[in-house]
Structures are given as C-alpha cells and as structure tokens.
Amino acid sequence: MAKKNRIKATKSKAEPKKSTSSGGFKQLLSDQRTHRIGGLLILFLCIYCLIAFTSFIFTWKADQSMLSDSWYAVLREGNYDAENWLGPLGAMVGHLFIHNWFGVMSFLFILIFFNLGFKVLFKKNLLPPVKTFFVSILAMVIFSPLLAFVFRAENAQFVGGAFGYELNHTLYGVVGQIGTGILLFFAAIAFIIAVFNPSFSWLSKMATSVGLGFENMFTKVKNRATEARAAALEEDEKEDFQDTIGEMDDFKQSAADLAMSDDDFEAVEIVEKPKKKPAVADAELEMETTVAEAEPEVAAADDDSEFSVEMPKQEKELSEAELNQKVKDFGEYDPTLDLAQYRMPGVDLLQDYGGGKVTVSKEELEENKNKIVTTLSHYKIGIEKIKATIGPTVTLYEIIPEPGVRISKIKNLEDDIALSLAALGIRIIAPIPGRGTIGIEVPNSNPDIVSMRSLIASEKFQNSNMELPIALGKTINNESFVTDLAKMPHLLMAGATGQGKSVGLNAILVSLLYKKHPSQIKFVLVDPKKVELTLFNKIERHYLAKLPDEEEAIITDTKKVVKTLNSLCIEMDNRYEMLKNAGVRNIKEYNAKFIKRRLNPEKGHAYLPYIVLVVDEFADLIMTAGKEVETPIARLAQLARAIGIHLIIATQRPSVNIITGVIKANFPARIAFRVSSKIDSRTILDSGGADQLIGRGDMLLSTGNDLIRLQCGFVDTPEVDEITEFIGNQRAYPHAFDLPEVADEEGSGPGEIDLSDRDVLFEDAARVIVMNQQGSTSLIQRKLKLGYNRAGRIVDQLEAAGIVGPFEGSKARQVLVPDEYSLEQLLKAETENIEN
Ligand SMILES: Nc1ncnc2c1ncn2[C@@H]1O[C@H](COP(=O)(O)OP(=O)(O)OP(=O)(O)O)[C@@H](O)[C@H]1O
C-alpha cells in the first residue's frame with residue numbers, strides 16, 4: 001500500500017564530525033604556540049648539552065668516581081659534589097654521550113637537534129634536516145673510531161667514545177694496527193669527498209709549487225757546481241767530460257723511452273738550452289739532476305694544465321653545489337617574508353546565519369511527494385521508488401519510474417508538475433547523469449542561508465591544497481563545494497539584477513583572502529557600477545594591482561579599463577618570456593623553481609603572484625568600449641591560464657551581444673544565477689534551467705559538461721568590511737602591485753605615424769582639404785573615390801603632418817594650412833627633411 005511510494009529522507013551529509021578529544025589534541029598539535037614552546041625547549045636542551053659536553057671534557061676525571069655509580073644512585077643520594085658546570089646531571093649527560101657513545105663526535109647530536117629546534121620555532125631550515133641527520137650520524141660512526149685510533153693514550157680515550165674504542169678493538173683483531181689506521185683514514189677521506197666534494201686544485205698547485213721550489217734549489221746548486229768545475233777543469237778533462245755527457249745522454253734517452261715521449265724530452269732540451277750556454281755546463285746540469293730531470297716537473301706542469309682544462313666540468317658541479325648551497329645558506333625563498341607578520345583574517349569575522357540544519361518538515365516532504373505522485377499518475381506515469389535529498393534551498397526528489405516509462409514524457413511534463421506543485425523554481429533533471437534516476441528539485445518553503453563562515457571553516461576548504469581554492473556554496477547534498485579557480489581557469493557569472501551576483505563575487509574574493517598571503521595573489525578590480533567593490537579599497541597595498549600612474553586602485557572608468565587590460569596583456573607576455581627563460585611550462589613550476597633558488601633575480605626573475613581580474617559589470621564595458629575591451633579579454637582568456645592570470649567576469653545582461661561567441665568559447669566555467677528568460681539561460685549555460693532558479697544565491701555552475709546546482713555562500717557587506725578592515729590595518733607593501741606601463745593612447749595616435757608609410761594619395765588629399773578649407777573624411781572619400789577606412793587613415797596622416805587639427809566629434813576638423821602655396825612649402829620642406 002503506502003509502502004509502495006515510501007519516502008526515504010536522506011540526512012544531509014554534513015562534514016564528518018571528529019571526536020572532540022582527538023580534534024582537541026590535533027588542534028593543540030597544530031597550534032602555533034605549541035610549536036614555539038616545543039622549538040624553544042629543544043633549543044634550550046641543546047644549549048644545556050653543549051655546556052654539559054664541553055664541561056665534561058675538562059672535568060670527567062674529577063667526576064669519574066661519581067660516574068661509576070648508577071644514575072639512580074647518584075640521583076637518589078643527591079649529595080655528590082660534581083665538578084661539571086651543570087652538576088651531577090651534567091656530568092652524567094656528558095658521560096653518556098661522550099664517554100659511552102661517540103666521544104667528542106657526540107657534539108653532532110647538538111647540531112641535529114639545534115637544527116630541528118630552529119625549524120620548529122622559526123619554520124625555516126637552518127640546514128636541510130634529513131641530510132644533516134644522516135651526514136651527522138655517518139660522521140659519528142666514521143670519525144669516532146678514527147679519533148679513538150689517534151688518541152689511544154690512556155687518559156684521552158674519551159675522545160673517541162666507547163663506540164670508537166670498541167670498533168678499534170675489533171678492527172685490531174682483524175687487520176692489525178696499521179690496517180686499522182689505513183682503513184679508518186680511508187673511510188674519513190671518502191666521507192669528506194662524498195659530503196663536501198672538495199676541489200683538489202690546491203693539491204695540484206701545492207705539488208707544482210713544491211716542484212718549482214725543488215727546481216730552483218737544484219738549479220742554484222747546479223749553477224754553482226758548474227762554475228766551480230768550469231774553472232777547474234783542464235782541456236783533456238773536458239774531453240773526458242764530453243764522454244760522460246754522451247753517456248748521460250744515452251741514459252737520458254733510455255729514461256725518456258721509459259717515462260715520456262720524445263717530444264716532451266725535446267721540449268725540455270729546448271727550454272733548457274738557452275739558459276746554459278756552455279756545453280759543459282749543460283752536461284753538468286743533466287748529470288747532476290738525474291733525479292729531477294725536469295721531465296717530472298714538465299709532467300707535473302702538464303698535469304696542472306690538464307686539471308685546469310677539466311675545471312669547467314668541476315665548475316658545473318660547483319654551480320650545482322652552489323645552488324644547493326644557496327638553499328642551505330638562506331633556506332628556501334619565502335615570498336611571505338616581505339610581510340612576515342601578516343595574519344590571515346580569522347573565521348570569527350564572518351557571521352553565522354544558523355545554516356547547516358535540515359529545515360524541511362516531514363509534512364512538507366510528504367506533501368510534495370504526494371503531489372509529485374498524483375501529478376505523474378494523471379499522466380499515467382507509475383513510480384517504483386522515490387527518494388528525497390534535502391539541500392539548503394531545494395529538496396531533490398529522485399524518482400525511479402516504473403519500467404517502460406519514457407523519460408522524455410516526464411521531461412515534457414515539467415511545467416505541469418510545477419503547476420500542480422504550485423511552486424516557483426522547479427527543475428526537472430531527466431535523467432540525472434550517472435544515476436539512472438529522474439530528479440525533481442522542489443524549493444524548500446524555508447530556504448537555508450549558507451553562511452560563508454561555514455564554508456570557510458569547512459574541512460574541505462581548510463585542508464584544500466588547491467592553487468586558488470574558492471568556496472562557492474553548498475550542493476544539494478549539503479556538502480561544501482570548493483573548487484580551484486586556477487583550473488577553471490576563468491569564470492563567467494551572469495544573473496538578473498538582485499539575484500546574488502555581487503554576493504557571489506564577494507564570496508570568491510573572501511575565499512581567496514582567507515587562503516592566500518598578499519604576496520601570492522593580486523586582484524585587479526573593475527567596477528563600472530562604482531559601488532560594489534569599493535570596500536576592497538582598504539586592502540589596496542596588500543592585495544590590489546594597478547597601473548603605476550593611477551590614483552584609484554579600483555577601476556571605474558572605461559578608458560582606464562582598456563589601458564589596464566592592455567597592461568595585463570603586456571604582463572602576460574612578460575611572464576611568458578620569464579617562463580621561457582626559466583625553461584618551465586607554467587607559473588606553478590616557475591614559482592617552485594624560484595623558491596628553490598634556481599632562478600636568478602638578477603636575471604629578471606621574480607616570484608610571480610597570481611593575478612585575478614574581476615569585472616563586476618561586463619555589459620557596461622562592452623557597451624562603451626566594445627572591441628577595445630573584448631579583444632584583450634579574449635586574448636587574456638585564451639592565453640593567460642599558464643602564467644597565473646585568471647578572469648572573473650560578471651554581468652546582469654546575459655545577451656548574445658554581451659556574451660559573444662569569442663567570450664563564451666574562452667570561459668568554459670560559467671555560473672548562472674536566476675535569469676529572466678530561457679534564452680538568457682541558454683546564452684550563459686547553453687541549456688535552460690537558470691530561469692527556474694529561485695534567486696537569492698541559488699545558482700547553477702557549468703564546468704563544460706557538468707551542471708551543478710549550488711546555494712551560494714552568503715557574505716554580507718559588513719562582514720566584507722570587517723575583513724578588509726582587519727587586513728587593511730596590518731603592515732602593508734609601500735604601494736599597490738604595479739602592472740606594466742602602457743604607452744598612452746595619444747602615443748599610438750597620429751603623432752607617431754611613420755612618414756614612409758604615407759598613403760600615395762596623401763598629397764592629393766592634402767590639396768583637396770586645403771583647397772576646400774574643410775577637414776572632412778567624407779570630402780576626401782568623394783573627391784578621391786576612396787573607401788571610408790582609407791580616407792580615415794589619410795586624415796590621421798594629415799593630422800600628424802599638421803595639416804588638419806584633431807578630431808572634434810561631429811564637427812569637421814579644422815584646416816591648419818591657409819592656402820595652397822603654404823601647403824606646397826610645407827610638403828617641400830617635409831620631402832627635404834626625409835631626404836636628409
Ligand atoms: N547566497 C545568498 N544567500 C542568501 N541571500 C542572498 C544570497 N545572495 C544574495 N542574497 C540576497 O539577495 C540580495 C541581492 O544580492 P546581490 O546584491 O548579490 O544581487 P546582484 O545580483 O549583485 O544585484 P545587482 O546586479 O543589482 O548588483 C542580497 O542583498 C541578499 O539579501
């Protein structure tokens with residue numbers, strides 16, 4: 001019976017509630033104060049250990065008798081007179097770490113923990129924590145046995161600690177004393193190379209200078225010996241000596257065969273010959289320096305130059321190391337440090353409108369269900385099952401019709417069902433995509449206000465790691481709807497007046513203000529209505545971007561809008577250039593690289609904030625500036641997503657001449673508030689539905705394929721006021737974010753027309769104008785039989801040449817040249833100027 005059409009009211013799926021105790025603990029853990037206290041505690045413990053360790057080195061002997069007792073005994077007795085500067089506990093801590101563990105290498109524990117404490121307290125890395133940890137542990141393991149090996153003496157054994165001592169002991173048993181030494185030194189050198197990658201150029205330089213030193217020394221000795229012998233030797237002795245030279249030459253030759261090429265050897269000969277003229281002296285030199293035979297030095301010199309040839313390779317590695325060094329030295333780049341004290345607004349600035357509770361009574365549900373069933377039964381449509389899901393403003397009745405019922409039949413009954421339910425805003429979704437059911441959305445008699453506060457406080461928003469998260473509202477399931485503006489990537493908003501557009505824009509702006517630091521996002525606000533966005537003036541120096549010479553950050557004048565849009569196009573081109581130079585594809589990768597200090601600010605790189613352009617009344621702009629506005633907007637919409645410029649455009653006149661094909665094609669994400677006609681709905685969403693919304697923030701979001709009904713978050717003007725006030729009262733940048741300058745429109749006007757680009761009929765046109773003393777385009781058109789565009793260009797050229805005056809609206813331009821004679825003079829002078 002009644003069982004057949006049972007209603008199952010689905011409880012709204014509100015955000016899952018955590019148990020308060022675990023939530024409280026989590027909150028305590030994430031509380032900044034906990035971090036600060038924890039960080040400070042670690043740092044103080046590090047200082048404590050530093051004093052205890054240092055003192056232990058000087059006082060361990062005196063405290064030894066006490067340290068041989070157990071901790072428990074020492075602490076229980078409490079009457080030990082310790083020499084350690086930190087008393088018995090200090091002595092025991094030092095004993096544990098230094099004596100029992102890694103000797104003086106235990107100081108590295110302090111380094112590890114100091115680094116950790118610093119990170120917890122200041123949220124910045126002093127040294128990379130993971131690397132510091134592993135390198136320190138490895139250093140302790142390698143160097144404590146080495147120190148134990150070096151300081152083997154009875155009273156210095158603490159230097160290597162028990163670990164070092166024991167390892168030495170084991171190694172002695174396996175590889176003997178010398179073997180242990182070799183092994184430990186090798187391990188230490190390998191560690192230094194692996195971790196610090198030192199340059200060996202100093203070694204080669206040292207070897208070279210030592211070599212040169214030897215050479216000088218030998219040369220002096222040789223010279224002295226040569227002089228003495230030359231004086232003493234008789235002619236015959238000289239002959240003997242020549243024989244010896246011959247022998248030495250042979251010897252040298254065989255040495256050369258063994259050690260080096262002939263070329264090398266000859267090089268030595270050539271170098272040395274001019275220095276020593278007498279053959280005897282020369283021979284003497286060779287004879288006495290068999291050891292230093294110059295060849296090894298040449299080889300060393302050659303080695304040196306080889307080293308320098310390999311330098312570029314090493315430099316490459318160094319630059320890599322240098323990059324890491326930068327991150328090591330300064331930590332990662334943090335764009336928020338410019339305003340380090342900046343505090344995000346708290347949720348308490350937002351009002352709670354008591355939303356989030358299911359406010360539809362059982363009677364209402366029952367009544368609506370009965371009406372739906374009866375209406376459908378009038379048209380002989382049987383229902384198998386019906387299920388209600390209560391949303392903030394509408395309840396969705398999901399129907400599974402009896403087998404054989406055609407969906408199109410139900411769809412066609414939309415108006416009849418609406419009539420019998422006597423309710424505004426009924427929407428039929430037949431079928432609901434992916435569910436195989438038919439949905440009938442019926443407005444609740446008591447719609448809920450979705451407070452922005454509940455959206456901002458939602459876990460979904462708070463824990464989102466989207467680039468530009470925006471909390472738009474709640475779905476029919478009462479779930480918070482958070483989406484990423486960066487992925488949209490632009491948003492078109494339309495709706496009849498008073499249906500919630502401005503509130504929607506504010507909700508988006510507020511979402512971004514709650515999630516992004518002033519260094520990460522900038523807004524360009526265009527408000528031709530002059531009153532909607534004025535509140536955001538207060539955050540000009542924090543969050544707004546404007547042209548450098550503009551006074552007002554919020555743009556209300558159409559001319560300035562065109563200039564600003566052109567400036568944004570320039571900014572876009574600049575950013576693309578920066579991305580190209582950095583070898584990345586989008587702003588996310590670019591900023592990540594910049595943060596890692598891989599991009600040099602001296603080469604024009606900088607951290608790029610996202611830029612969000614908000615236009616509150618687009619129709620007004622299109623009416624007054626037409627193509628001038630449409631073109632840059634379309635260009636930005638097409639290209640700007642990768643470089644972080646996103647557009648949000650709102651209009652209350654969603655007609656085809658405002659939302660043109662070009663605009664539509666580039667705004668896949670569109671929001672429709674209630675509109676007055678189906679045609680308007682089609683213009684925005686490419687489908688009906690927006691005309692059946694109930695207003696007051698009820699909206700449809702189309703993201704290409706999907707159409708989602710949402711109740712927009714409500715944020716009232718006083719709330720926005722408080723938020724902007726809160727932000728505005730904090731320390732700010734000296735001025736708003738500067739957009740690139742754009743050349744003035746006058747600059748591109750007639751004054752800059754290239755003379756060589758003049759129309760061939762320029763002179764003829766000038767004569768016509770001067771003869772008739774009438775500066776009109778239509779005159780040129782008529783007399784020279786030209787089209788309007790060409791005639792218009794010629795008039796611009798005439799203005800640039802000073803023949804006619806500037807444009808004066810509907811009046812003809814003033815002719816500045818009185819007669820033909822003056823004109824000929826002027827033209828002649830110009831021709832001469834060009835020739836020179
Ligand atoms: N999400 C919402 N929840 C509840 N009420 C809303 C919501 N959005 C708008 N309203 C109500 O509708 C009124 C008009 O909204 P809003 O000012 O945003 O309309 P609008 O479309 O911007 O109108 P106009 O185009 O004339 O500026 C608000 O004052 C508010 O009372």
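Each residue's number is its place along the chain shown, starting with 1.
Each Cβ is built from the backbone N, Cα and C atoms, and glycine gets one as well.
Here is what TrEMBL records for this protein:
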BINDING   G495, A496, T497, G498, Q499, G500, K501, S502  ATP binding site
COMPBIAS  1-11  compositional bias 'Basic residues'
DOMAIN    478-682  domain 'FtsK'
REGION    1-23  region 'Disordered'
TRANSMEM  37-60  transmembrane segment
TRANSMEM  98-118  transmembrane segment
TRANSMEM  130-151  transmembrane segment
TRANSMEM  171-196  transmembrane segment
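Locations of recorded TrEMBL features on the structure.
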| residue | record | CB count, 10 Å |
| --- | --- | --- |
| G495 | ATP binding site | 30 |
| A496 | ATP binding site | 21 |
| T497 | ATP binding site | 10 |
| G498 | ATP binding site | 12 |
| Q499 | ATP binding site | 25 |
| G500 | ATP binding site | 25 |
| K501 | ATP binding site | 25 |
| S502 | ATP binding site | 23 |
Top stretch among 37-60, 98-118, 171-196 for CB pairs under 8 A with the transmembrane segment (130-151)?
98-118
Setting G495, A496, T497, G498, Q499, G500, K501, S502 aside, what same-chain residues sit with their Cβ within 8 Å of the center of the Cβ atoms that define the ATP site, listed in sequence order?
Q652, F673, R674, G695
On the three-state reduction of DSSP, what should I expect for G495 (ATP binding site)?
coil
